[in-house]
Every structure is written in structure tokens, then in C-alpha cells.
Amino acid sequence: MKLIMTSKSLLLIAALLLSQAVARLSARGVPTPMATGTAAPTGEINGISIFATAVTEEDRMTTPSARMWDEEPPVRAENIYTGPTQNLLEQLLEGYSMDLRPGIGGPPVDIDVGFAVQSIDQVSEINMEYTMTMMLSQSWIDPRLAFNSSSVSEIPLAGATAEKIWIPDTFILNDKKSFKHTVTAHNRLLRLSSDGKVLYNVRITTTAECKMRLKKFPLDTQTCTLELGSYGYANRDVAYHWRTDQEPVSGMTHVELAKYSIVRFDTLTGNVTRDTGDYSSLRMTFKMERNFIYFMIRTFFPCVLVVVLSWVSFFVHHDAVPARVGLGITTVLTMQTLMSGVNASLPQNAEIKAIDVYLLGCYVFVFGALLEYALAHNLYRGTKAAALKAATAPPVPEGGGKHGKKKGKGSSCSENGAASGQSQAAAAAVLAKLSTGNSVDRHARWLFPVAFALLNVVYYVVYYYLPENDIASLFTQY
């Protein structure tokens, strides 16, 4: 009996599970044998009817999952825009040869060039170079890349696409070293227009040569150049031009330098002849005027102070030998240090520069003050010894000697008076002779300042107003 009840219970449980499975399938939209939404008995166990609820077709279509399965998926945006553009780009690059310039065998390709200067970081007189960061733009027409599309007129491309199309081999003729910026990605831009115009922009930093003439340094002006051209394509294949739709060079007026001020810049177009042929080239020149106030504070003013300091020895007594000698040697060594510091920032060549002349003049004045003390002290010691010797010598009496007459009291008083007069005269002679050394110092106190002021006037007139060629002729030996 228990076995029969257990079998019935299992059958009941199985019927319930079957009913739940049918309901789940109906909810998912799976067709069932029941075409209506009524509940019909599916069987009876121990007098208990088992019902399975059928889901109608209308109820099934209202379920979200059924709608998602029956409806077509929405079209994604890239299928509308990216797809045709991608196909267009693939068609343009199909059969494209990046090794051949546009219009090979025909007229030269016109390259329009311009750049925006971001900074001039350093101007070095030692290496005769400058470092510039700029964004270089080049544009040209490539008929192979022209397209006709109603949806787009310009296609911005990733910089890596530049490796799939022809790019002019532009380089900087007076470049020493350069690099392209790659943070956070390669700093380059590529745009393609429907007429086949290609715009290529890249951010670079270059260290270029600048030949400087330093005869008037630091009262000089320097002219540096940046020259662009093709490395492998002669002027029959590529022709460079400055762009005309906007300023060919921008940003130069906003450049700030510590030692220079940019007063003007110009753009030139021409040809350069190399051993492999004639090449089209572009040149940008900029004129820099050195900020003299910078060197006035760091070089000229300290030199003037050292020279003035050397004149203090003219007011120190001759007997203060350690003080005057120490002061003179200190000023000489200080001038030597200043000269070494200035020369360390300049190229070591045979060219005589204006700063060399001024430093040498200051050095002569400082060394002259030390020699002046040697002269004055020598005169002081010689005259002092001779005067003291004459003053301490005993007077010789008149008519003296062992054959002289014996004198009385009256004659003795007169002799004492004469001796006293001779002593006073000798003391006056000593003072007069000792003042010989002081006279050298007195003359030096006005002679040195006047001569130094004259040196400064002549120096600034010659180096500020005379042309560089006339200055060079002053140091030329015929």
C-alpha cells in the first residue's frame, strides 16, 4: 500500500514539473499544442486533474523576448558613416604607389610650406647654434587621392596613414640634430580633401647652425637662418613655395629670449646647388639684437667696481705694505676670474671681440694700480733713508780741527744757534723728500679715473657706432 502511494506522489510531482516546463516554454514564445489561452486538463492522477496553461500567439508576441527575436536589429551609426568612408579610402589606396611622386614625368609638384614657431629654447655662441620647436605644415595636390563624395569633402586621417601615401622628403639644410615629438602619441596631422589636396603637419624640435660674427660682442646683432628643401627630388620634380592662404611663419613675435630680442624676420624662396643637382629651397631669416643690459649687469658693472676698488690703495699710507699689496693682488685675481668666466661662454678662436678689449683695458688699470704702489713705495723708502741720514749727521763747526782757534763763550753760543738752524733745515728737507712718494699717489688719484672714463667713452663710440668692417680694420696689420 505504501509503495502504491509513493508511486502516485512521484507521478504527481512529475506532472507538476511538466506543467511548469510547458508554461516556461510558452513564455519564451515556443509553440505549444494548445492554440488558445485556456487551461485544459492534461491528465488525472488519483482524482487530481493536471492542467497546462496554453499561451496564445497574441500573448506570445507581447513578451519582450519575443519582440527582440522577431524584430530586425537596429543599424549601428558606423555602418552609415564609417563604412562608406572606409570603403572610399580603401579604393583610393588600392593600387597606390607611395614610391612615385604625383604626376611623375610631368611638371614639378608644388609644395606649400609654413610653420608656427612655439619657442626658441637656446642660442649658443660657443657652438654657434640655436634650438627651435615648431609645427611644420606642408600641403600639395595628389590627383591619385581625389574623390567625389556627397557625404564628406575632407577626410581627417590618422598620422600612421602618412606611411601609406607619398610624402615629400623635406629636410632642414642647416640642421645639426632634430627629433619628432611622440608624447602622448606621434604629434602629426594628416587631412585629405576631395580635390586631392593633402595637408601634413608635424611637430619637431631642431638644433640648427647659426654662423655668428662676434667682433662687436656684446654690442652685436646676429642673423640666423632656417633653410628647408627636398633631400632627393631636384627642382624639376618638386618646387617649394611659402603658403599664401595665411602667414607663412607665425609665432616669431611672441618668442622671448634671455639674451636677445628678435627685431625682424623675412622669408625667401630660391634654389640651392649641391653636388647632385639644383634643388628648390625655402629660407627664413631672423635678426636678433643682443640685450646689452644683461651683460651690463653681469660683466661690465662688476669690472667697473673692481677697477674702482683698486684705486682705494692710493689713499692708504705707504707704510701699510700688507694692506696695499693685498688689495692690489686681490683686484688683479678678481679681474682674472671675471675674464675666465666670460671667455668660458664664448668660442675659443683668434677673433678679437669687443668684450676682450674692455676686459683687457680693465685688467691693465687694475695691474697699473699695483705697479703704482711699487713705484710710490720705492720712492718713499729711498727718499726717507737719504733724508734721515742727512738729518742725523753731526754739524761740522767752522774753523774746526786741531789747528783751529780756541773760542770763547760768545762764540760757543753762536755755534749752538747755527747748529739748531741746520737741524731745522734738515728736518724740512726730510719732510720735502718724504712727500715725493705722496705726490705719486696724489697724481694717481685723478689720473686713473680720468683715463678710465676716457677708455669707456672711446670704447662705446667705436663699438656702438662704427660698422663691423671698420672695427676689424683697426686690428689689421698692414
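Every residue, even glycine, has its Cβ placed from backbone N, Cα and C.
Quick caveat, the model's predicted, so the values are computed rather than measured.
For 1-23, the entry in TrEMBL reads signal peptide.
The annotation domain 'Neurotransmitter-gated ion-channel ligand-binding' is assigned in TrEMBL to 86-291. Per-residue pLDDT, averaged across the domain 'Neurotransmitter-gated ion-channel ligand-binding' (86-291), gives 93.
The annotation transmembrane segment is assigned in TrEMBL to 292-316 (among others). Panel annotation: around the transmembrane segment (292-316), residues 218-219, 258-259, 323-324, 327-328, 331, 334-335, 338, 342, 355, 358-359, 362, 365-366, 369-370, 372-373, 441, 444-445, 448-449, 452 of the same chain, lying at least six beyond its termini, place a Cβ under 8 Å from a Cβ of the stretch.
Under DSSP, residues within the domain 'Neurotransmitter-gated ion-channel transmembrane' (300-382) fall into helix, strand and coil as 69 helix, 0 strand, 14 coil. Marked as domain 'Neurotransmitter-gated ion-channel transmembrane' by TrEMBL: 300-382.
Under the heading transmembrane segment, TrEMBL lists 325-345 (among others). Proximity of distant same-chain residues to the transmembrane segment (325-345), defined by a Cβ-Cβ separation under 8 Å and at least 6 residues beyond the stretch ends, is recorded for 125-126, 299, 302-303, 306-307, 309-310, 312-313, 316, 355, 359, 362-363, 366-367, 369-370, 373.
Look at TrEMBL and you will find 357-375 (among others) tagged as transmembrane segment.
Summarising the annotation, TrEMBL assigns region 'Disordered' to 393-418.
The transmembrane segment annotation in TrEMBL covers 446-466 (among others).
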